[in-house]
Amino acid sequence: YDLFCISLVSKLLGRIYYTDLAGDNPGSLPPNVSAAVNGVALCGTLAGQLFFGWLGDKLGRKSVYGFTLVLMVVCSVASGLSFGRTAKGVVATLCFFRFWLGFGIGGDYPLSATIMSEYANKRTRGAFIAAVFAMQGFGILFGAIVALVVSAGFRNAYPAPSYADGRAASLVPEADYVWRIILMFGTVPAALTYYWRMKMPETARYTALIARNAKQAAADMSKVLDTEIQEDADRAEAVAAGGAGNEWGLFSRQFVRRHGVHLVATTSTWFLLDIAFYSQNLFQKDIFSKVGWIPPARTMNAVEEVFRIARAQALIALCGTIPGYWFTVAFIDVAGRFAIQLMGFAMMTVFMLGLAAPYHHWTTPGNHTGFVVMYGFTFFFA
């Protein structure tokens, strides 16, 4: 929700703070400002992943998991506030707090996958970790739904003409609340998970192998599995005492020899996927506008444009992103990780080439439905 809700309101920010009423079209964020507003949270995410991943090995998954949540809640609220009324003040505040919001999200990313992998058994581990990431699809959809509800409410409460029919009147002063509410609403899903995070015991693998407390690990797993596993404690004690390769550093020769290829392969595929996935999600509304699926900005008022963008993004999430995630959850332990990933990359390539090569065809009236179907499939396979 927090990462992608910014794409729903960035056009509104351009209208509010960069509109020149002498122009034929409403204002938009300058390219450098747009890149900063959309991308600064990802910069924070990268830093947060490295820092909290390291801290999770030092202090434990549970305590760090709680801290990242508090950081996200505070920064979600703060990103909807601003120091001053000028464009520079608003954008600077937004970028500052979205960086730290991304920092907290960056901690959540690796810790969520690590906690799930350390709790799951081998038979269902693939499905469980896939389910962790599949919730991202619901976050994207939830963001679009919140934007739809908020924009629809403001559109009905404060009717306004299109920019072409009344330049100043198309931007009601209350529109400034719309983007703030949408960004601040990110606190709700985060805060709802706080109680369960605090009740969750530390993962047994961390407690036994890093904290070297096998008795506590056995007690925690007994609580989680609702069964007595005391006899496993002695075996865990022996593993913890022996080290069993746990002393290998990330850049040690032993680690590189045993896991180097796996690490390079998984990190590079994540990197390549994210170039396509995040850029297409964050700049989706620009693509919709270019191909004509969303009407020209001058034919709508400011709040109506937010509504149209949210509706389009909800449709892509509902028909492409979410089904793709849960297809993987269902079949990852049947078809295997490698086969599903290979299929995903291959089909994304096919559909992106199918959109890019005959691009002019998709922009002509009457072909928008075909474009949306093809575009939805790229997200299904992503």
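Glycine residues also receive a Cβ, built from the backbone N, Cα and C atoms like all the rest.
Annotated domain 'Major facilitator superfamily (MFS) profile' per TrEMBL: 1-382, in sequence order. The annotation transmembrane segment is assigned in TrEMBL to 33-52, 64-83, 89-106, 127-154, 177-196, 314-332, 338-357.
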Query - Contact check, the transmembrane segment (89-106) vs the transmembrane segment (338-357), 3+ Cβ pairs under 8 Å, seq sep 6+ - result: no
**Report entry** Any contact, the transmembrane segment (127-154) to the transmembrane segment (314-332), with at least 3 Cβ pairs under 8 A
**Finding:** yes
